[in-house]
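What follows is a short report on a single structure.
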Amino acid sequence: MGTIKINGVIKDMKRYKKLVGRVPQDDIVLGELTVRENILHSARMRLPSSWNDRAIQDYVDSLSACLSLTHVRNSLVGDARKPVISGGQRKRVSVGIELAAAPMAIFLDEPTSGLDATSAASIMRLLKAISRLGVTVIAIIHQPREDIFVDFDQLLLLADGSQVYAGATEEAVPYFEDLGYQFPTRSNPTDIIMDIITGNGKQYSSDAEKFGGDTDSLIQFWYGNGQYGKTNKRLSVAVNAARSHRLSVNSMQSTAEHEQSLHETMKTRGASWYAQVYYCCKRALLQQVRNRTSFFFEIFVAALAGLVIGLSAYSSDGHLFSGIYHPPFTMMSSAVDYKSAPQLGLLSAMAIGKSAYYLGKVMSTFPRITIAALHYTVMIGVLATPLMSFQDMYAANLVYFYAIYGLASIVSMLVKREDGPLLAVLLSLILGVLGGVAPPLSQVKKWHMEWFWRLSPGVSFTEGYWTKMVSPRAYLWDVDVASQSIGLTLGEFGKDLALILVIGTVYRLLAYVLMILFKKRQR
């Protein structure tokens, strides 16, 4: 295990995350947005809050020009299935997203991965130019070309996770030649070095017994013969020299003053929390607008569900409940089995800093929830004609949709995208069982499992519908007997809706916690 030093002092890199950019191996761009929109979002979120929007946009345009992206800045990025810009341009956008934050250092994992030779060389020339502007550039490369290899100023080679060389790039080949390795004329030195540090360098070694294919001997030699200390000393001298130069330029400021200056810089970085929520919500809404097919399909599914359930109750002509008459007309009552699922039970079976991002994502789903619930309610209201006002029915469906979307957020955190539909179908079946109808809640209470049923929004949803559909007939039917038989509670419509809202919110909070936990686990 090594140590990380900032200005010569051991520090935790997490404290400086606002000053550091990270470009992962996989592209971090959003295909539904344009090149400019991807970079602009990063700039708005991470640049100093004192910058006005015009200044940020001008900065993004200048950055796009430096990245040679001006001619495609208004093009959608696309994805692997439907690419719009080239792979090299996508990688430049990924770099641009991090440079938009004006970092002091940038780390890149395999920046040339998946690129052709020309694009890879272009990316490395870009990174070289960035480093000349004073930004520290650190890249992980597994198989560099020779022209890419010579562009690096410093080189760190690892074998089985341990250091076997660290120093100037031009000194790497002489170092291994001193160990007895031979580099044939016109060969690519990077290929030979990669063979050596992966244990396949026996063919190049004149001392096969010492270094022929054993990476352990390379590691032991590096640490045991003082190379590690010499390299650290050289690097330390270089750092101290650079620091001394900066100190003279800055009137011999102390290290503490430099540290204070860094902290003052970090305080100014980043938009306010409320602005971040706004920008994340705005971006998520824009993604949905661009992905119209998914949106309209979702609305169609909601309307279709309402149509199917409504048609199943259409022949009842709104007569969805039949109970026992009050005396003296009790003998006129038809035989009723309250333990069988009433028609309305079908309704209960129906059924995305980090906090700012997540809240913005959640808020962006509200229009979809509102529209989907409206289409579902219209179909149910027209065909099933339940004995409740459209406003009450829409309110109940709206909060239920809100809860289901919250549950979907948990699903998205637990399983991969391709497994999501299967789990969603299973959860739909489970929610139908937990609706308090089949089995009836009265039976569930005998099992002492009511608390578990109440964790689902289905029971409150069913009770809300039950209240509004049977209460108007309380003058005719003995609705209290019916309610006791099934185990549902009457007359708490507002409380039922509020409870569904709470459950939906708890689902989202759990999804947020899972998002944080999984992110930590990935680290």
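Backbone N, Cα and C define each Cβ position, glycine as well.
Keep in mind that TrEMBL annotations are predicted by a computer and have not been checked by a curator.
Here's what TrEMBL has on this protein:
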- 2-113: domain 'ABC transporter' (DOMAIN)
- 142-236: domain 'ABC transporter family G' (DOMAIN)
- 276-464: domain 'ABC-2 type transporter transmembrane' (DOMAIN)
- 295-314: transmembrane segment (TRANSMEM)
- 341-359: transmembrane segment (TRANSMEM)
- 371-388: transmembrane segment (TRANSMEM)
- 394-415: transmembrane segment (TRANSMEM)
- 422-441: transmembrane segment (TRANSMEM)
- 497-518: transmembrane segment (TRANSMEM)
Beyond the flanks of the transmembrane segment (497-518) by at least 6 residues, Cβ under 8 Å:
354-355, 358, 362, 395-396, 399-400, 402-407, 409-410, 412-414, 455-457, 460-461, 464
Could you break down the residues of the domain 'ABC transporter family G' (142-236) into DSSP helix, strand and coil, giving a count for each?
50 helix, 15 strand, 30 coil
If you run through the domain 'ABC transporter' (2-113) with DSSP, how many residues end up as helix, strand and coil?
49 helix, 17 strand, 46 coil
Mind checking which residues of the chain, 6+ beyond the ends of the transmembrane segment (394-415), have their Cβ under 8 Å from one of its Cβ atoms?
302, 350-352, 362, 365, 368-370, 372-374, 376-377, 380, 423-424, 427, 431, 457, 461, 464-465, 468, 493, 496-497, 500-501, 503-508, 510-511, 514-515, 518
Arithmetic mean of per-residue pLDDT over the domain 'ABC transporter' (2-113):
86
